[in-house]
Structures are given as C-alpha cells and as structure tokens.
Amino acid sequence: MDSTPTEVVVFEFGPYFRAYKNGRVERFFGTDKVPSSNNSDHAVSSKDVLIDQETGLSARIFIPSTIKPGKKLPLLVYYHGGAFLVGSPFCPTYHNYMTSLVAEANIITVSVDYRLAPEHHIPIAYEDSWAALQWVAKHHNNEGPEDWLSDHADFQRVFLAGDSAGGNIVYNMVARAGIEDLAGMKILGACLVHTYFGRKDCEVDNYWLFVCPNTSGINDPRINPAMDSRLSSLGCTRVLICVAEKDVLKERGLLFCETLRKSGWDGEVQIVETEGEEHVFHLFNPDCEKAVILLKRLASFFNQDRAN
C-alpha cells in the first residue's frame, strides 16, 4: 500500500497550471524554450536580451531578416497571455506567433518576459512590463544598448499589443503612459486581444485573488477600467479591441469598448469580433482561416497610415 502523502491542490488554472498547499507549483504550458534564430523560414531573425540583471527581466526581439541598412519599421512591444501564471516569449506558441506577425506586418517586435505569479504576485508583472517599456524608450534618444532598435525602430510608430492577461497589461501600460513620461517616446496604438478584465457583476474572480491577493476587489482599476481615473487620458491615439464569439471574456471586452468610448478619451477605438471561435484560438490553431484573417487585421492596424 502506497503511504506517500497526497499533496493538497489549492489552485488550478485549466490544464496549464497547478499550485499546492506546500507552495510547490506546476506549469504545463510555456516552460519549453525555442532558441532564437538568425533567419527563420519566415525570413525573421530573433535574439534574446537581458533588460534588468537584478530582476532577470528579459525579452526576445524579432526583426525581418531582409531589412536594409537605415530602414525604419514600426515597433511593437508585445505582452504574452497566460493568466499571469504561465507563458513566455521563448515558448513555441508565442515564438512562432510573433515570427508570423513580424513577417506579415513587416515590423520589429519586443516580446517581454515579465515575471509570473504566484512566485511574483501582481503588481510585479506590471512593474516588469513598465520597466521593459522604459528600456525600449531609451533607444528613442539613442541611449539604449540594442542596435536593432536604435538602427531600425521607427519611434513615431510605437504600438503595444497583448492577449488575455497580456491585453490587461497593455491597458495598464497605456493608462500609465498617459500620466508618466517615457523619455519622450509616444505610443501610437494599443491592441488588446481577448483581454482579461474583471466581471460585470460584483464578484471577483478567484483567479485574480490568487495572482493579486492584495487587490481592492471589483473596484480595482487594474481590472475595472470604469473605476480608473486614468481611462480618459490613455497614452495612445488609437485602440483596437479583439473579441471572439465563444470566448468567456467576450462580454468584458465589449464592456471595455463601451466604457472607453464614454470616458471622454479623444482617441479612436475599433472593435473586431471573430465569429465561432474560442479564447486565443489564433495561438493554438494559427493556420486556420480565421486566425489568418485576425493576423492580417493586426498587421493592418500596425500599418494603416504607414508611408510606402
């Protein structure tokens, strides 16, 4: 008879994450790492950079391999999803999607590897994400260390994007950018894909309580933009909100769109709904027709008034 004590599970996030009472955690997504590449099959090169040696904050940068000397391209800063619990720019899912997006849109992308809960509860993910933005902004004044950004990033065309929890990070970054300076760097647009916000009722998700135990609850402005004094002064000029018909977060995305439009913010907000699809379907089935359509829509957003 097996006398090994059974560990008590205190929290699970789908098939992706499990936490035990003794403090041990298991991650079943985002832990495998794809190496960076000088020239992928999509003609995209990538490299890894360490942003902050003290915290370990890092990122993977993607650039078209065929870029010519002196050529400037739009710059995207991307925040991956995964409920603040799992995910990484280095895992196959996000590495491959960023490669496809860079190839389609002809842009440079900095994909941020922020620290995860519960080892690092909220607000660490936000702090890391802002630190990454500040690091990117240094290159706007030619003070940053990364040549790909200094030589090829068009700092008049800076965008943020993210999915799920990453979309929530994007919201909080552009909200902060509206009231804090980024070394003179301006954010042109923000794209929030299947974004996590709080529920419309008076309940707080157990998941949010797990990653952010010090939350103020349903009125926490980080998950409830209607309670955020920064909403009317978002630090960008256009926002694209993407929702999916069968996504449990769809109504939260629609509510955010409505709230933003009524806030007094003077930017342009667009919304795109994909019919018949689930949460982040485009990451797990990137070759399906609707995922390709969404990819092209994102690429268009980053290039809609770009000079030829």
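Even glycines carry a Cβ here, placed using N, Cα and C.
TrEMBL: automatically predicted annotations, no manual curation.
Here TrEMBL flags Ser164 as active site. Under the heading domain 'Alpha/beta hydrolase fold-3', TrEMBL lists 76-282.
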- Tally every other Cβ atom lying within 10 Å of the Cβ atom of Ser164 (active site). 24
- Query: In this predicted model, what is the average pLDDT of the domain 'Alpha/beta hydrolase fold-3' (76-282)?
  - Reply: 96
